[in-house]
Amino acid sequence: MTSSPIRLAISGASGRMGQALLSLLHADGRYELAHAVVSPGSVHDGEPVWLGQGLRYAHDWSRAPVLDVVVDFSGPVGLAAALDHCLAHGIPLVSGTTGLDAALLARLDAAGARIALLRAANFSLGVALLTRLLREAAAAVPEWDLEIVEAHHGRKQDAPSGTALALGQAAAAARSTTLEAAAVYSREGRTGERVPGSIGFAVVRGGDIVGEHQALLVGPGERLELGHRATDRTIFARGALQAARWLIGRASGHWRLEDVLAPPV
Ligand SMILES: NC(=O)C1=CN([C@@H]2O[C@H](COP(=O)(O)OP(=O)(O)OC[C@H]3O[C@@H](n4cnc5c(N)ncnc54)[C@H](OP(=O)(O)O)[C@@H]3O)[C@@H](O)[C@H]2O)C=CC1
Ligand SMILES: O=C(O)C1=N[C@H](C(=O)O)C[C@H](O)C1
């Protein structure tokens, strides 16, 4: 028996992640791309999404058809618009957008009472595994200094990356503290000595780096380095589509990528 394809919208469809998602969707009959959203004023607004097919990029949600799920990789403003549409129509929302402010985070938190949401700063299996390893290592050597280094392409809008912050949060929790209490985001001039127990962040931006994260646990006379290097955005797109399929029909609330992509123990 064949089931009907999932009717899905992409918010941020013309972007780097949007295009990675489109490449996967084009070849996968399990999905029907029903709406492809770009920014108001986008040079792509009104262009055909795929040559010879009817769907065109749109800058708003007002003409979106009935949808099973929305996948968002846009930016804070695009995500807010996607969230409005999902709330108005009771549609599950998967989002990978990073760099959100406190007001949007609070709106997303509250939305969990009405729709199913799955948000993740990184949809790759490797980073899910890295997070688990870092949690274990940070707790095993609580006195060792922890520094998180990330590198991304020069067009990235936010820093540190959402993944770096999520790694920091996981390590902080494993050490019974919080990122708010432990994080050091910049060092310049006469900084004084490193504060014991702090978690330092360093950011590299350049060229077309897809996304690299390294956690350094520095002890006396030795150092543990845990890292992940993404070389192809398909890994994020694949994880997000898997999450979208999984989220359809779930109860309202906040679901975790770990529930979907459990790395092998
Ligand atoms: N969680 C994860 O695994 C990953 C998360 N990300 C995150 O995803 C987000 C997008 O990244 P990336 O694809 O590189 O970004 P891009 O800048 O390449 O793409 C952004 C997309 O969003 C659209 N957009 C911008 N503003 C709006 C708006 N107000 N309304 C609707 N659409 C809008 C743009 O349209 P146009 O340009 O046509 O105007 C474009 O299609 C970032 O926050 C990034 O950090 C990225 C990779 C993986
Ligand atoms: O903007 C990007 O490109 C990426 N952003 C995400 C983040 O902020 O962690 C995930 C990935 O590293 C790529």
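Yeah, the Cβs are placed from backbone N, Cα and C, and that goes for glycine too.
TrEMBL does not curate its annotations; it predicts them automatically.
Taking the Cβ of HIS152 (active site, proton donor/acceptor) as centre and 10 Å as the limit, one finds 25 other Cβ atoms among all the protein chains shown. According to TrEMBL, the active site, proton donor/acceptor annotation covers HIS152.
Taking a C-beta cut-off of under 8 angstroms and a sequence separation of 6 or more, LYS156 (active site, proton donor) has the following same-chain neighbours: ARG205. Annotation source TrEMBL lists active site, proton donor at LYS156.
According to its DSSP assignment, SER14 (NAD(+) binding site) is coil. According to TrEMBL, the NAD(+) binding site annotation covers GLY12, ALA13, SER14, GLY15, ARG16, MET17, GLY96, THR97, THR98, ALA120, ALA121, ASN122, PHE123.
The secondary structure of ARG63 (NADP(+) binding site), as reduced to three states from DSSP, is coil rather than helix or strand. The NADP(+) binding site feature in TrEMBL is assigned to ARG63.
Positions annotated as (S)-2,3,4,5-tetrahydrodipicolinate binding site by TrEMBL: HIS153, GLY162, THR163. Under 8 Å, Cβ to Cβ, and six or more positions away along its own chain, HIS153 ((S)-2,3,4,5-tetrahydrodipicolinate binding site) finds ARG205, GLY206, GLY207, ASP208, ILE209, VAL210.
For 6-123, the entry in TrEMBL reads domain 'Dihydrodipicolinate reductase N-terminal'. Mean pLDDT of the predicted structure over the domain 'Dihydrodipicolinate reductase N-terminal' (6-123): 97.
Marked as domain 'Dihydrodipicolinate reductase C-terminal' by TrEMBL: 126-261.
Among the recorded positions ARG63, HIS152, GLY162, the ones whose Cα sits within 10 Å of the Cα of GLY96 (NAD(+) binding site) are GLY162, in sequence order. Neighbour counts were taken as the number of other C-beta atoms within 10 angstroms of each residue's C-beta; across the binding-site residues SER14, THR98, THR163, the minimum falls on SER14. Candidates GLY12, SER14, ARG16, THR98, ALA121, HIS152 (recorded positions) were compared with THR163 ((S)-2,3,4,5-tetrahydrodipicolinate binding site); those inside 10 Å Cα-Cα are THR98, ALA121.
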